[in-house]
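Annotated features, as they stand in TrEMBL:
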COMPBIAS  73-86  compositional bias 'Basic residues'
DOMAIN    4-62  domain 'Tudor'
REGION    52-108  region 'Disordered'
TRANSMEM  211-233  transmembrane segment
TRANSMEM  254-274  transmembrane segment
TRANSMEM  294-314  transmembrane segment
TRANSMEM  326-346  transmembrane segment
TRANSMEM  413-432  transmembrane segment
TRANSMEM  452-470  transmembrane segment
TRANSMEM  482-501  transmembrane segment
TRANSMEM  552-576  transmembrane segment
Amino acid sequence: MPSRKFADGEVVRGRWPGSSLYYEVEILSHDSNSQLYTVKYKDGTELELKENDIKPLTSFRQRKGGSTSSSPSRRRGSRSRSRSRSPGRLPKGARRSASASHQADIKEARREVEVKLTPLVLKPFGNSISRYNGEPEHIERNDVPRKNTQEKFNLSQESSYISTQYRLRPRREEIRLKEMDSKEEKFVTKELAVRTFEVTPIQAKDLEFGGVPGVFLIMFGLPVFLFLLLLMCKQKDPSLLNFPPPLPALYELWETRVFGVYLLWFLIQALFYLLPVGKVVEGMPLIDGRRLKYRLNGFYAFILTFAVIGTCLFQGVEFHYVYRHFLQFALAATVFCVVLSVYLYMRSLKAPRKDLSPASSGNAVYDFFIGRELNPRIGTFDLKYFCELRPGLIGWVVINLVMLLAEMKIQSRAVPSLAMILVNSFQLLYVVDALWNEEAVLTTMDIIHDGFGFMLAFGDLVWVPFIYSFQAFYLVSHPNEVSWPMASLMIVLKLCGYIIFRGANSQKNAFRKNPSDPKLSHLKTIHTSTGKNLLVSGWWGFVRHPNYLGDLIMALAWSLPCGFNHILPYFYVVYFTMLLVHREARDEYQCKKKYGVAWEKYCQRVPYRIFPYIY
Ligand code: NDP
């Protein structure tokens, strides 16, 4: 079935037939045979338009002055009421900014348009109007269109009328209008560029994470919180009643050699990243249409890392060093992350505006946190992409292994405990999955929306390896025996979470990669004005963020092997729920901005965000 770009009920801009001027219209319906959209102007006029004559609202909103929206009648009212319906007038914003010659062209063309094109105002198409009832009747890919013969007849009559009118247009005028179109298009593109790169600061109300005070608090609070957690976990009785934990001496926190080992780790991962193995893929299109190239070799880096670690273990290298200096490693990573964030911010000041992230605001503190530059690169070395999945994520598995060895050593075990094996294998599966599906990271918010600043640097390089390994760290000094029946239940829970998580992520990634993939043809979709559609059945018809649901179920499965003696190992579940609920709200906000009415319809069809029947 041929695809359509705009959904019923969507508010877009429709070209007034025979002119190059666009007005705000609502899409009423779409005829798949004639490929014409029935649209309604603000003054109630209904017309059928070709897809080429419709543009998303956003492309116009970008204009300076931004006031292009008025109905033909409203504009008519502001001048002469006796004028023809043909709204041969420029949108306000365009009028203000267009060059004199452009204005002259348009004036001249307008005269022609007004004289030659009057009878295009079609009376409402009887049934075709009543067909619209606010419900997405034809928007779903797999719905059978429900139209009666009379409607078809009316539509084909009307569409043939319109096409006749188009054909009757004199050739000279056609050429002129084409020229006008291309001029306007260039003008809009230029204006868009100006607006995108010059008017980047976002309104204070749009700042996320509580704005400047919020990010300030996070930047100071999170590292302190991390150290308090690790210190709590080191206590014999990590009960909340024993809060705050005794503070360590400075030498227990900092050792330059540890910092050196951390740097070495980072450099080795950078070296693996540079290896010319693995396929090269293109990322999502950037604001200027470019697509950056990314090499997918995370999984190879993981194999190589463990080949090196295996060799080191065989050679008798003492990995207990990492456990003994765990706090120092956490501080080394934090210091490195601060230095990296300062570097990222400084270099972003020289970055061209087109390279700034859509999340940046113009406020130095906020931008230091959220990241100013979207894809900071040194040559082809993409710093954000590298940090997302390499030093921190692979580091997490290495730390888990260190904890497993430490448990055996400290508890004098010949083999690791079942609880430790469960935690290690559950989390290993998660990391291997992320690296195996590395390409999926290219469509995440982190890559396409957030800049690279303190938030991602700290998250990727400090929080992930030192907090996500918390259960294994806890088990080293707080053993918990797990029975096989309990272990089986935990495995089932983990697998359920994984199936939902992987199923949802793969379904969306496959759909984004190839929306007409035959394997996905059974899924229903909602059309949006951006050209991208939204899945409304399958995993994405279950809740609006099924991948988060799966992730949270897995998080619970990771904590259960630690038993119920203390709340501390469940910190991850609580924190992760808060993170994903907040992230979901951020994503909803972005999607609503991106997809407008179509997103609202999706929310009506799929009312729950993460937890079915709860939230
Ligand atoms: P998602 O993978 O959930 O992507 C959200 C985007 O998907 C939206 O912006 C939209 O983008 C698209 N989308 C939303 N709804 C639909 C739909 N119905 N049909 C088609 N596309 C849709 O975002 P995240 O980057 O937050 O998460 C990726 C994974 O990473 C998740 O599994 C998450 O659990 C995990 N994660 C893990 C973290 C951890 O610390 N362990 C932290 C954060 C995330 P568009 O339409 O533009 O394509």
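Here the Cβ of each residue, glycine as well, is placed from N, Cα and C on the backbone.
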For the transmembrane segment (326-346), sequence-distant contacts whose Cβ falls under 8 Å of one of its Cβ atoms, 6 or more beyond its ends: 223, 226-227, 230-231, 248, 252-255, 258-259, 261-263, 266, 364, 367-368, 371-373, 376, 383, 452-454, 457-458, 461-462, 465-466, 473
Selected stretch (most C-beta pairs under 8 A with the transmembrane segment (211-233)) from 294-314, 413-432, 482-501, 552-576: 552-576
Same-chain residues near the transmembrane segment (413-432), Cβ under 8 Å, at least 6 residues beyond its ends: 299, 302, 393-394, 396-397, 400-401, 403-404, 407, 468-469, 471-472, 475, 479-482, 484, 487, 490-491, 494, 498, 554, 557-558, 561-563
Model confidence over the domain 'Tudor' (4-62) (mean pLDDT, whole number): 78
Same-chain residues near the transmembrane segment (552-576), Cβ under 8 Å, at least 6 residues beyond its ends: 229, 232-233, 238-240, 418-420, 422-423, 426-427, 430, 467-468, 470-471, 474-475, 478, 480, 482, 486-487, 490-491, 493-494, 496-498, 500-501, 610
Counts by DSSP class (helix H/G/I, strand E/B, coil) across the domain 'Tudor' (4-62): 8 helix, 29 strand, 22 coil
